[in-house]
Amino acid sequence: MEADPKVPFTDEMNIQDEHNWESGSWSSSRRSNDSNVTLLSRRSSVEQHEDERQKDSDTLFEHGDAALDAQGIADPRLKDYPIPLVAQTVHLRNDDSEPILTFRVWLLSTFWVLAGCSISTVYYFKPFSVRLSGYVVQLCTWKMGQLLASALPTRPFTVLGRRWTLNPGRWSAKEHALVVIAYWGSSYTAYGLGPLSAMELFYGKRLSSPWAITFLVTTQLTGYGLVGLYRHILVRPPSMYYPGILPTVSLFNAMHGDPRQTASSLRVFMAIASAAFVYQWLPSFVFPLLSSLPLLCWVGRGSWEAFVLGSGSLGFGLMDFSLDWNYVAFLSPLFTPLWANANRFVGAALAVWITYPVAYFSDALGSLRFPPMSSETFDTSGGLYNVSRIMTPSLELNQTALELYSTPRWSFSYAMHFFWGFASASAIVTYAVLFHGRTILKALANVWSLDGNTADDIDSEKDPYVKLTSHHARVPQAWYALLLAVCLCLGTIQLYAGDMQLPWWGLQLVVAISALFTLPCGMLFATANVQIGMDYVSEVLAGALFPGRPVAVLTATVYGRQVLEQCLNLASDLKLGFYMKIPEWELLVAQVYGTLLGPFVNWAVMRLIIDTQGAAALLGREGGDGKGQGLGLGQGGGGGGGGGGGGGQQQRAAGAHTTEWNALKTKNFFSSSVIWGVMGPARVFGGGDGSPSSSSPYRWLLPSGFAVGAAAVLLLWLIHKARPAWRVQQWPLHPAIIFHGASLFPVFPTTNLTSSMAAAVASMGVMRRWHPRWFARWNYLLGAGLDCGAQLVQMVLGLAFLVFNRHGQQMVRMPHWWGNDAVAVDQCFPPPDLPSVIMSPM
């Protein structure tokens with residue numbers, strides 16, 4: 001990471017501005033520029049600024065790392081900043097003459113949203129996922145912006161009385177950041193596309209385009225309205241710093257700083273990204289054995305117990321290591337705080353390496369009938385659950401068939417996945433109430449009294465970054481409230497116009513509960529880079545409220561999940577804009593634009609695929625009956641910047657199997673609607689009237705999960721009250737994160753765990769503590785480069801599979817050899833006495 005340490009933090013602030021910053025008084029006339037008019041009138045000031053910057057650079061270029069103190073902080077004004085990671089990364093420079101919402105921003109953001117949404121939607125209906133990496137977009141946009149700055153005409157023109165220019169000058173960091181933020185708004189396929197495709201392909205319910213797009217837009221934008229309510233808690237305080245965006249800030253610094261100071265940073269980043277790109281071909285395609293090195297399985301070869309304990313793909317992954325960055329990056333080890341990853345690791349290790357093996361070998365809940373680490377849904381005989389056997393031709397529940405067949409069964413590990421999920425949900429709310437309740441209530445009580453243009457927020461009065469941008473016009477609370485109200489009104493109208501089976505009060509209730517969870521989840525995400533979502537709660541809640549209405553369950557689940565996630569996405573992007581000194585109005589416009597444009601592309605591409613390919617091609621020979629489909633809840637690769645656990649596995653699977661159309665995600669949504677909507681939580685977790693689930697083995701999961709989560713936090717709080725001198729709040733211990741870490745498996749392969757935690761200790765532990773200068777200069781660039789190179793390989797492989805592996809052909813396929821064994825790619829061969837059920841698909 002490099003935050004331009006050799007440049008003084010006054011090189012882009014004139015002396016009067018620095019004096020005003022010190023005194024805390026800013027002229028009300030200093031407003032952020034919102035058009036290119038200001039830019040045209042400031043040509044001379046920009047040129048003068050460049051001259052001053054050049055003189056400062058000439059003076060300081062010789063000093064190198066001498067500008068960094070022992071903690072890697074360059075500016076003495078930030079030496080006491082409460083978050084050293086931010087002080088090391090985010091500079092105190094701001095140039096209000098830099099262009100912001102320019103023609104180049106609109107052009108490039110439109111291009112990347114169209115390209116990214118089209119690619120992600122096409123692969124939504126493929127057996128593996130591919131999306132444009134955020135780092136790839138950031139890198140390409142940098143050069144494209146520079147090209148436009150040199151090619152577009154600079155002649156001004158007048159439109160509706162306002163002077164404009166296509167080219168206001170050099171490509172600025174603020175423009176660059178806005179393009180990336182707009183792309184982030186739609187970088188993933190809209191979550192609501194799954195229910196829409198499931199409704200059409202399985203339930204024969206096709207929505208008209210206007211109402212379908214309304215559904216996608218409202219599910220994506222409703223959460224943005226909550227940001228106005230929570231931004232004074234989730235964005236403004238310095239303690240809410242969002243660790244996941246610091247690598248992006250570091251890369252922006254390297255791209256837009258003085259070339260003589262950042263040239264070395266860019267060279268290092270490009271070298272790392274290139275090396276990662278070359279190396280990643282080995283574990284992803286040529287030598288996949290590198291992805292999983294199951295030492296215990298190799299040592300105990302021939303023993304089925306050693307196979308179960310040591311396999312990282314089918315078993316518990318004990319002593320399994322990985323040299324695949326897609327797996328190593330699972331915990332985002334180079335920028336997630338070490339204490340947070342330690343909590344996740346403890347929870348995962350206690351679950352995967354202690355609880356699950358003991359329960360499995362003791363046959364708890366009939367574990368030996370099912371694979372040890374599987375997220376599929378089974379029947380009582382151990383076969384994959386066939387939902388078509390319990391459905392009538394009209395896709396309603398056949399109670400008699402259910403009693404004759406089976407209620408759903410899970411592996412012990414997947415049953416505990418729900419237990420840990422319920423525990424983490426209750427723990428995070430309880431923690432926020434007990435430890436931060438007064439602060440939250442005070443902030444919420446004053447939220448409407450805080451003017452949109454003031455910086456007097458909680459814990460931010462003395463924040464130098466706040467003071468630096470306090471003159472920027474901020475979005476009033478009323479605008480966020482208006483956005484929320486419009487989305488709720490349109491969403492309610494769409495429910496009835498589209499016959500979504502969800503009553504108006506159901507939408508309001510789901511949004512209200514999601515809003516309740518958003519604040520504690522957001523506080524954790526902003527400080528620990530750990531996001532606990534509404535997946536578990538929204539599905540169970542919707543199934544309990546609307547039994548027998550699968551479409552209503554799908555609709556409520558989407559709103560419950562997306563309101564929370566989109567609120568946190570915008571809060572994170574607002575913090576990025578805050579670090580990049582982008583006014584809130586401009587950032588909100590860019591974010592909403594990208595998010596609005598995405599659903600139109602998602603729906604258009606989905607319509608093209610369904611209309612041209614047909615349901616039979618998308619659903620395979622099963623013809624849409626959902627036979628053999630498991631829940632698939634919570635599965636998926638990680639995002640840019642360090643998720644991606646399992647990405648290499650997905651690509652290798654794609655290389656070994658057909659890449660024809662296969663709506664796996666849609667099938668998973670259909671199966672979820674059957675389990676939680678048609679059958680309902682009462683039958684799954686017990687207590688259903690007259691159903692065989694009255695003796696369900698999982699009847700204890702929900703109540704005990706919520707109770708354990710709340711009890712763990714309550715115990716911690718009681719210790720805090722009984723022994724104040726112990727400073728419990730400063731302990732690196734968070735029950736919600738521990739439970740969340742345990743819930744990650746078996747959804748993700750256990751291969752991820754050991755190597756990812758080792759990388760976290762090396763980066764955020766050893767290097768940050770013992771080599772802070774190196775950490776401050778290179779750590780985030782290292783992480784960004786590794787992510788960029790590895791993700792680019794996955795994108796290239798995915799596109800190659802799409803283009804060449806069609807119509808049953810396997811033109812892109814690595815020949816089998818010792819490092820790419822046809823039976824066991826990790827050389828963890830199943831012994832002859834291995835129970836056949838263990839080899840069932842995960």
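Cβ coordinates come from backbone N, Cα and C, glycine included.
Features as listed in Swiss-Prot:
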| type | residues | note |
| --- | --- | --- |
| COMPBIAS | 44-58 | compositional bias 'Basic and acidic residues' |
| COMPBIAS | 629-649 | compositional bias 'Gly residues' |
| CARBOHYD | Asn33 | N-linked glycosylation site |
| CARBOHYD | Asn36 | N-linked glycosylation site |
| CARBOHYD | Asn386 | N-linked glycosylation site |
| CARBOHYD | Asn398 | N-linked glycosylation site |
| CARBOHYD | Asn752 | N-linked glycosylation site |
| REGION | 1-58 | region 'Disordered' |
| REGION | 629-657 | region 'Disordered' |
| TRANSMEM | 105-125 | transmembrane segment |
| TRANSMEM | 177-197 | transmembrane segment |
| TRANSMEM | 268-288 | transmembrane segment |
| TRANSMEM | 315-335 | transmembrane segment |
| TRANSMEM | 345-365 | transmembrane segment |
| TRANSMEM | 415-435 | transmembrane segment |
| TRANSMEM | 478-498 | transmembrane segment |
| TRANSMEM | 505-525 | transmembrane segment |
| TRANSMEM | 585-605 | transmembrane segment |
| TRANSMEM | 668-688 | transmembrane segment |
| TRANSMEM | 700-720 | transmembrane segment |
| TRANSMEM | 731-751 | transmembrane segment |
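Sequence-distant residue pairs (6 or more apart) of the transmembrane segment (585-605) and the transmembrane segment (700-720) include fewer than 3 whose Cβ atoms are under 8 Å, leaving the two stretches without contact.
Asn386 (N-linked glycosylation site) falls within neither a helix nor a strand when secondary structure is assigned with DSSP, and so counts as coil.
Here the Cβ of Asn386 (N-linked glycosylation site) has 17 other Cβ atoms within 10 Å, regardless of which shown protein chain they belong to. Between the transmembrane segment (177-197) and the transmembrane segment (315-335), the number of CB pairs under 8 angstroms, six or more residues apart, is fewer than three, so the stretches are not in contact. At the 8 Å Cβ cutoff, the transmembrane segment (315-335) and the transmembrane segment (731-751) share at least 3 close pairs (sequence separation 6 or more) and count as touching. A sphere of 10 angstroms centred on the C-beta of Asn398 (N-linked glycosylation site) encloses 15 other C-beta atoms. Count of Cβ pairs under 8 Å against the transmembrane segment (345-365): among 105-125, 415-435, 478-498, 668-688, 731-751, the largest is for 731-751.
DSSP classifies Asn752 (N-linked glycosylation site) as helix under the three-state reduction. With a cut-off of 8 Å between Cβ atoms, the residues of this chain six or more beyond the transmembrane segment (505-525) that come close are 222-223, 226, 229-230, 233-234, 240, 242, 425, 428-429, 431-433, 436, 440, 488, 491-492, 495, 531-534, 537-538, 541-542, 545-546, 552, 555-556, 559-561, 563-564, 567-568, 571-572, 734, 736-737. Long-range neighbours of the transmembrane segment (700-720) within the same chain, counting only residues 6 or more positions beyond its ends whose Cβ lies under 8 Å from a Cβ of the stretch, are 415, 418-428, 430-431, 434-435, 540, 681, 685, 726, 728-729, 733, 735-736, 739. Put simply, Asn398 (N-linked glycosylation site) is 13 Å from Asn386 (N-linked glycosylation site) when counted between their Cα atoms. With a cut-off of 8 Å between Cβ atoms, the residues of this chain six or more beyond the transmembrane segment (415-435) that come close are 347, 351, 355-356, 365, 375, 516-517, 519-521, 523-524, 532, 534-537, 634, 697-698, 701-702, 704-710, 712-714, 717, 720, 729, 734-737, 739-740, 742-743, 745-747.
Through the fold, the transmembrane segment (668-688) approaches residues 194-195, 197-198, 201-202, 377, 387, 390-391, 395-397, 402, 407-408, 539-540, 542-544, 546-554, 557, 626, 629-633, 635, 694-696, 698-699, 701-702 of its own chain, all at least 6 residues removed from its boundaries and within a Cβ separation under 8 Å. Each residue contributes its Cα atom, and for Asn752 (N-linked glycosylation site) and Asn398 (N-linked glycosylation site) these two points are 41 Å apart.
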